[in-house]
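Student: I'd like to ask some things about the structure below.
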């Protein structure tokens, strides 16, 4: 059982700054109740039951600051495993800042970014992977990304990593006993063949986990998607339909989009970072020319390319150039303006295409299905599956897998078991960095500094 560490009492505004119905000022620490009581008039907070909400007022000496509801949660059954007080105020900037300053003047310290979650980690309530999933849940752009984050917050990834580490540790312990106590008969001798079988098993477990990384990373970070095409083929209309709001100017004047517009859209649970590029054409307009160069750069960096062609016109040389330019990309060719008579010769297009009308919002569901087919083999999210999505976790699993492969290569070359133990131990340590069991203090500090204030 992890013992709660002794810390000072911290305070921060936990809701976004700005105007709203309510805001929350949070306290955590040994003196949380005492400091809150020093500015609160209502029930005696030291005597109220845990996990209750209490009506009262905040005063600065005799001056009324706000009418509030105060939540009291006593250690250890709290997020930080410390006493927590949350003051629910009216959601104005001035009043929340004033209440925070009152708490700071009465003994609290302003929390650092992510310090509440850091205390939850240091006090043993969550591990490092779960702590990171808190931020992933906050930043999730779709329901499926949120589902992955909440499963990791619930400990699914941590449980899998801990189970693998435990198996590795048992093998390492057996090697150690064989080395240190060769005369001990009650422990089976770990031969090179036995260790090879075990490391091959661990390798398979990590490869299975790593196979989920592509799907997880896409759902967490999104697909960088470039919408390309000649001017006035309907790129901005498509962007507006995918976003379900007007973000781009739509006219029949070529060159209206003179730069790169970037927005996020939720397409069937997949976050698309949509880049509406300036129409690629020859132009003497300097500003538009710069936009076109950026469009070409966006095309080169894109995970997915949506090439829009005007089906109501014959293909131009520029259309054919774009078809050639994007042929090696993950590309979906969209024949737009199907609400008009079709003049485009489909025999000039190699590969699949989808007919749509961005203006009429027709057949865009087929685009969603095609994206799922390209990136997820038709299945976006396997139910109850543990998915790797965090870039740090993916990198550590890759390094751990590399260490196992080096161990296997050494065993194949006939190296002694005690030398192979070094690589297997490194694998075990790398996996421990995911959960925080073996993470250096500098890494922990750096990770929590990326959190928002009040979390």
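Every residue gets a Cβ built from N, Cα and C, even glycine.
It should be emphasised that the depicted structure is a prediction, and the values quoted were computed from it without experimental measurement.
The feature (6S)-5-formyl-5,6,7,8-tetrahydrofolate binding site is assigned by Swiss-Prot to 26, 86, 125, 455, with sequence analysis given as support. Feature annotation from Swiss-Prot assigns K(+) binding site to 232, 251, 253, 256; the stated evidence is sequence analysis. Marked as GTP binding site by Swiss-Prot on the basis of sequence analysis: 232-237, 251-257, 276-279. The Mg(2+) binding site annotation in Swiss-Prot covers 236, 257, and the record cites sequence analysis as its basis. Annotation comment: Swiss-Prot describes 222-376 as domain 'TrmE-type G'.
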Student: Which residues does residue 125 ((6S)-5-formyl-5,6,7,8-tetrahydrofolate binding site) neighbour through Cβ under 8 Å, counting only same-chain ones at least six apart?
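Tutor: Once residues fewer than 6 apart are set aside, residue 125 ((6S)-5-formyl-5,6,7,8-tetrahydrofolate binding site) is near 79, 80, 81.
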Student: Of these binding-site residues, 26, 455, which scores lowest on Cβ atoms within 10 Å?
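Tutor: Counting other Cβ atoms within 10 Å of each of the binding-site residues 26, 455, the minimum falls on 455.
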Student: Which one is closest to residue 236 (Mg(2+) binding site) in space, judged by CA to CA distance, out of the binding-site residues 26, 86, 455?
Tutor: 455
Student: With a 10 Å radius around each C-beta, find which of these binding-site residues (232, 236) has the fewest other C-beta atoms nearby.
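Tutor: Sparsest of the binding-site residues 232, 236 by Cβ contacts within 10 Å: 232.
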Student: Taking 26, 86, 125, 455 as the record's (6S)-5-formyl-5,6,7,8-tetrahydrofolate-binding set, what's the max Cα pairwise distance in Å, rounded to a whole number?
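Tutor: So the binding residues stretch over 19 Å, Cα to Cα.
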Student: Please tell me which one of the binding-site residues listed here (26, 86, 455) sits closest to residue 232 (K(+) binding site), measuring Cα to Cα?
Tutor: 455
Student: Residue 235 (GTP binding site) to residue 455 ((6S)-5-formyl-5,6,7,8-tetrahydrofolate binding site): how many Å between their Cα atoms?
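Tutor: Just about 40 Å between their Cα atoms.
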Student: Can you check which residues sit near residue 86 ((6S)-5-formyl-5,6,7,8-tetrahydrofolate binding site), meaning Cβ under 8 Å from its Cβ, same chain, 6 or more apart in sequence, and list them in order?
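Tutor: 14, 24, 25, 26, 27, 70, 71, 73 - these are the non-local Cβ neighbours of residue 86 ((6S)-5-formyl-5,6,7,8-tetrahydrofolate binding site), listed in sequence order.
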Student: Look up residue 125 ((6S)-5-formyl-5,6,7,8-tetrahydrofolate binding site) in the DSSP assignment and reduce it to helix, strand or coil.
Tutor: coil
